[in-house]
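Noted in Swiss-Prot for the protein shown:
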type	residues	note
BINDING	H17, D166, A167, K168, D241, R247, K248, A264, K268	ATP binding site
BINDING	D19	Mg(2+) binding site
BINDING	E45	K(+) binding site
BINDING	E58, Q106, D241, K272	L-methionine binding site
REGION	106-116	region 'Flexible loop'
Amino acid sequence: MARQDYVFTSESVSEGHPDKLCDQISDAVLDALLAEDPAARVACEAFATTGTVVIGGEIGLSDKKKLGEYMGRIAEIARNTIRDIGYEQEKFHWNTCHVHNYLHEQSAHISQGVDRDGAGDQGIMFGYAVDETPELMPAPIQYAHAILRRLAEARKSGAEPTLGPDAKSQLSLRYENGKPVEITSLVLSHQHKDESQTSDDIRAIVEPYIREVLPAEWLTERTEWWVNPTGTFVIGGPDGDAGLTGRKIIVDTYGGAAPHGGGAFSGKDPTKVDRSAAYAARYLAKNVVAAGLAKRCVIQLSYAIGVAKPLSIYADTFGTSEVPEAEIERAVSRAMDLTPRGIREHLALCRPIYRRTAAYGHFGRAPDADGGFSWERTDLVEAIKREL
């Protein structure tokens, strides 16, 4: 039996965090290519530091003649992404930073296996769901995201003009009988523009927004608040710390509450099972919990490069289900085609829906009308039940 009484901590980072900025650039490039060619193959990495962005990786297009045309748009895509995030600092400005593009054509040896509908690489992928929030996500990561998303809204609307784009949050939640009941500590480090602002000044700005998104009963007189605990946080973003695509994989997923296969998501087209199979695993786990078959569920999938069918499917419900895990494994494998092509088609992944995933979590988001976050739907519930 899993522990019922404990304190668990998760962190999130804002869209202006250097690593998240790079994730968004990588996914903006991916979206631009998928918008023109749904069969585009993309593996795009970005690196950002003071005044500079470097983009590299591999792309493959159905019409190779258009490769040069797309290459000419990369710098503009990167600048627009940086502008949207809000970087207009002296040493990192969307309009003046140097953008170096080293993207090149994808290896034919990689593409040949994928062209036969096999997986784009070997690997293991995990999906997770738990009934402690309406989104069926772990509460610490879900609310750590919510804090930063709300503060970004306030900054971008002009309501809080002294806040900068770079920020991090961290929540420690105390659980009783397996349910979150109290925030024991709350950490927020938020970039600001005025060097004269103190930690107390920043807390006065951010606290109303934090209280707006958190359940009121979780904040008690015992909750420790740590807002900009080091003091001044004016130098931020890539000018303060270099950023790199794919370095926030725990922030992107479940905040450490579930295993991670190690593969990052951003910049990868959906033939890459690092991304698409992780989305499918979340979809399956969420539908198992939504079906009432378990209060908590993790699903693992594994693949080999060039091989279509998953090598293994594993489920664990942590003692919260009356249905044997082996039966759940069989049911989910029958309810959905888990080949890479089957996943792409079932979740309609070959479209420009990825930049929005690159900040504030890939999971626990509301499905969009245009097909974004399709893996958050609970439309597989009846199919899974029929297979049991």
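Think of each number as a place in line: the chain as shown, counted from 1.
Just so it is clear, glycine is given a Cβ too, placed from its N, Cα and C backbone atoms.
For the recorded site, the residue listed as 'Mg(2+) binding site', the DSSP three-state label reads helix. Looking at Q106 (L-methionine binding site) and K268 (ATP binding site), their Cα atoms lie 12 Å from each other. Max Cα-Cα distance over the annotated L-methionine binders (E58, Q106, D241, K272) is 30 Å. In the three-state DSSP scheme, K248 (ATP binding site) falls into the coil class. Neighbours of K268 (ATP binding site), defined as other CB atoms within 10 A of its CB across all chains, total 27. When the alpha carbons of A167 (ATP binding site) and E58 (L-methionine binding site) are compared, the span between them is 31 angstrom. Listed binding-site residues near E58 (L-methionine binding site): none (candidates H17, D241, K248; Cα-Cα distance within 10 Å). Annotation: D19 are the binding-site residues among D19, E45, K272 whose CA atoms are within 10 angstroms of the CA of K248 (ATP binding site). Of the recorded residues, H17 (ATP binding site) and E45 (K(+) binding site) place their C-alpha atoms 16 Å from one another. The most densely surrounded of the binding-site residues H17, K272, judged by C-beta neighbours within 10 angstroms, is H17.
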